[in-house]
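Novice: Following this message is one structure expressed as structure tokens.
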Amino acid sequence: MSDNDQQLRVSKIQNGTVIDHIAGGQALNVLAILGIDGTSGDSVSVAMNMPSDRLGHKDVVKVEGRELSQNEVDVLSLIAPAATINIIRDYEVVEKGRVERPSVVEGVLECPNHNCITTENEPVDSRFAVGDDGVRCEYCDTIIRDDLPAHILAE
């Protein structure tokens, strides 16, 4: 089988976003971050545990008709730090780049500390400092290391 045959296991998209080099097994978490649950009508292709020289195994997500916001890319970088984002228009890659981990994410994660000011009826957006081993709430210092997708705020 040629390299081209392997690359076309998932068909090309006309317009939208391709998220490549996601660590194997993380594609469903990427869909959760993007709020894609199958009910919105988004056309999505997912390839999981594909062979990868760089990662061993990788996942790929293709979303037709949608370009990611910077907030989405920032949160995505927390669970897929090696991901590459490709913007597709008329079947051509018009923009390509690796995700960059921000130093802070704001308003996209929910603090698990029930006593944190961001979880009460206060008009305060959550704010987390991004570290190498997790994220830390800047209000109560609670650290989230595991299951980050479970703490994503619904839009």
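Glycine is treated like the rest: Cβ placed from N, Cα and C.
I grabbed these lines from Swiss-Prot:
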BINDING   Cys111, Cys116, Cys137, Cys140  Zn(2+) binding site
Novice: Other residues with Cβ within 8 Å of the Cβ centroid of Cys111, Cys116, Cys137, Cys140 at the Zn(2+) site?
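Specialist: Other same-chain residues with Cβ inside the cutoff are Pro112, Asn113, Asn115, Ile117, Thr118, Thr119, Ser126, Tyr139, Asp141, Thr142.
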Novice: How many other Cβ atoms are found within 10 Å of the Cβ atom of Cys111 (Zn(2+) binding site), counting all protein chains shown?
Specialist: 23
